[in-house]
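Enquirer: Relevant sequence annotations retrieved from TrEMBL are reproduced here:
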type	residues	note
DOMAIN	6-317	domain 'FAD/NAD(P)-binding'
BINDING	LYS51, THR139, GLY140, SER141, ASP302	FAD binding site
DOMAIN	339-443	domain 'Pyridine nucleotide-disulphide oxidoreductase dimerisation'
ACT_SITE	HIS433	active site, proton acceptor
Amino acid sequence: MNEILDVIIVGGGSAGLSALREVRKHTDRFVIINDGPWGTICARVGCMPSKALIEAANAFHRRNTFEEFGIRGSDQLTLDIPAALQRVRKLRDDFVASTVKTTEELGKRAISGRARLLAPDRLEVNGKELRAHKIIIATGSHPIIPTSWSNSLRDRLLTTDTLFEQETLPTHVAVIGMGFIGVEMAQALSRFGIKVTAFGGNQFAGLTDPQVIATATDLLGKEFPLHLGEKANLNLVHEGIQVRAGSVEIVVDCVLAALGRRPNIDHLGLETLGVSLDQHGMPPVNRNTMQIANLPVFLAGDANDQAPLLHEAADEGYIAGLNAMRSDPLCFTRRTPLTIIFTDPNIAIVGSRFQTLDSAKTLIGEVHFDRQGRARVSQRNKGIQRLYADAESGRLLGAEMCAPAGDHMAHLLALAIDRSLTVQQLLRLPFYHPVLEEGMRTALRALAAQLPVVNEFDLSMCGTFNTEALD
Ligand SMILES: Cc1cc2nc3c(=O)[nH]c(=O)nc-3n(C[C@H](O)[C@H](O)[C@H](O)COP(=O)(O)OP(=O)(O)OC[C@H]3O[C@@H](n4cnc5c(N)ncnc54)[C@H](O)[C@@H]3O)c2cc1C
Ligand SMILES: NC(=O)c1ccc[n+]([C@@H]2O[C@H](COP(=O)([O-])OP(=O)(O)OC[C@H]3O[C@@H](n4cnc5c(N)ncnc54)[C@H](O)[C@@H]3O)[C@@H](O)[C@H]2O)c1
């Protein structure tokens, strides 16, 4: 048996690299093991190529606003889809190259291979057994695909693992699953000029506020047919793939499956840890330490299925890396929940979700962006933002929205929630004119109107003009 290492990190994605950064500060006696290509899901097939595709789609879609601005000739514009996809891959390659630099310089301490746990201090990779005082598991996740689909549909079935590799795109695509990936990609493909038909279950983009869901589905449903509430079933037919959901039946060239992602924990040997696993095979993981039960083993990133987002994976890798170098794990306070989906308008959820709030103790303030001044001049006047505040203290609790510049406003609101700011404290901040954030101020004012008056000599009391040009 080889030397006993201080730490083994399993998984070279964002969580694993974040753990590596901490571990390296303290020891050289570590290895990082990665199965498949290095370079992280985020850079290779996740956040970055998807956003590159979305930007191209939105740039092309903007031609639909030109006529109203007085710009003529937009009907002559075309999108060279192979060129647009090439740009996605070029950017992707740059992002991957910058990521793999870190592990390339590690030499033998970066091992390519699939690791399998043998015990809380032992694992096997490439037929070799390795031992360590601590093990960090950060194995990520993979797209869920029913076996019957992958067996029968083969190259007519795409996921985000394969979408960005396409040289060109088919004429008619069904996007199945209206979660984060489904809504982002359905809108982007549709804005590429592809005929898209979208199918979703009972959830839409992780939203829980019925009014925001109604606005978001209405807006996206104007761009492509959107069928919700029925499970989609697929069959290979002569002309392509037949998709059936409730009373809807269509034939498409290709299906993009966005049914969710499963943590990469199967066949990982978690059963050798001696702790009970839940019905999904998941061990108990402390969200504040990333530790599995009281073992010297940590589970971070998408692999623990707690908050499968990039900034959360980075945090979890950091927590795991830091705690792996300590005898007593530290408990970290986690960040205010923040989710942004890069549709246009952006969908965002901040702090407490609508569904989790006690309606008797919660006030709601809302704004519709259709009449908002700045949104109108830029032809971005679509969407809704709903803010939730504690009825007693006036403290902001959360927000759900489908709103222009929702990505930026969601960050502002997350800051406010993190600092426990009240609606009145937020209304004391300057709001420049004319900005989209004035819409958020309208929603805050709607909340303030339901709260007791603080003091009329307070600038938070400065009210609305009630005119589109000034609010
Ligand atoms: C299409 C798409 C778009 C996304 N967009 C966003 C976004 O806009 N914003 C956002 O915040 N998040 C986004 N995400 C989510 C984000 O990419 C993930 O949360 C994040 O990349 C997870 O990082 P990770 O380190 O946990 O996993 P990964 O980066 O997947 O790394 C895990 C690594 O472990 C390896 N591995 C697996 N099993 C083993 C084993 N047994 N032994 C050794 N190695 C193993 C894997 O091959 C992989 O290389 C997106 C995801 C997708 C798919
Ligand atoms: N902007 C972002 O932050 C971003 C973007 C993309 C992905 N991600 C991450 O990737 C993860 C995975 O995304 P995802 O969209 O694959 O999963 P998801 O869990 O968000 O959504 C999957 C959806 O598919 C539906 N579904 C499942 N089977 C179906 C069927 N047969 N017919 C119709 N609908 C069906 C489910 O009801 C669910 O709403 C997300 O949870 C997120 O963490 C984040």
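Along the chain as shown, the residues are counted starting at 1.
Glycine is no exception: its Cβ is also placed from the backbone N, Cα and C atoms.
Help me picture where these features are in the structure shown.
Expert: Per-residue confidence over the domain 'FAD/NAD(P)-binding' (6-317) averages out at a pLDDT of 97.
Of all Cβ atoms in the protein chains displayed, 29 besides its own lie within 10 Å of the Cβ of ASP302 (FAD binding site).
With a 10 A radius on its CB, HIS433 (active site, proton acceptor) counts 12 other CB atoms from all the protein chains.
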Enquirer: Taking only the Cα atoms, work out how far GLY140 (FAD binding site) lies from HIS433 (active site, proton acceptor), in Å, as a whole number.
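Expert: So the alpha carbons of GLY140 (FAD binding site) and HIS433 (active site, proton acceptor) sit roughly 44 Å from each other.
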Enquirer: Run through the domain 'Pyridine nucleotide-disulphide oxidoreductase dimerisation' (339-443) and tell me, per DSSP, how many residues are helix, strand and coil.
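Expert: DSSP composition of the domain 'Pyridine nucleotide-disulphide oxidoreductase dimerisation' (339-443): 39 helix, 33 strand, 33 coil.
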Enquirer: Quick check on the binding-site residues: of LYS51, THR139, GLY140, SER141, whose CB has the lowest count of neighbouring CB atoms inside 10 Å?
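Expert: Checked LYS51, THR139, GLY140, SER141; of these binding-site residues, fewest Cβ neighbours within 10 Å: LYS51.
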Enquirer: For LYS51 (FAD binding site) and HIS433 (active site, proton acceptor), what Cα-Cα distance in Å is obtained after rounding to a whole number?
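Expert: If we compare the Cα positions of LYS51 (FAD binding site) and HIS433 (active site, proton acceptor), the gap is 29 Å.
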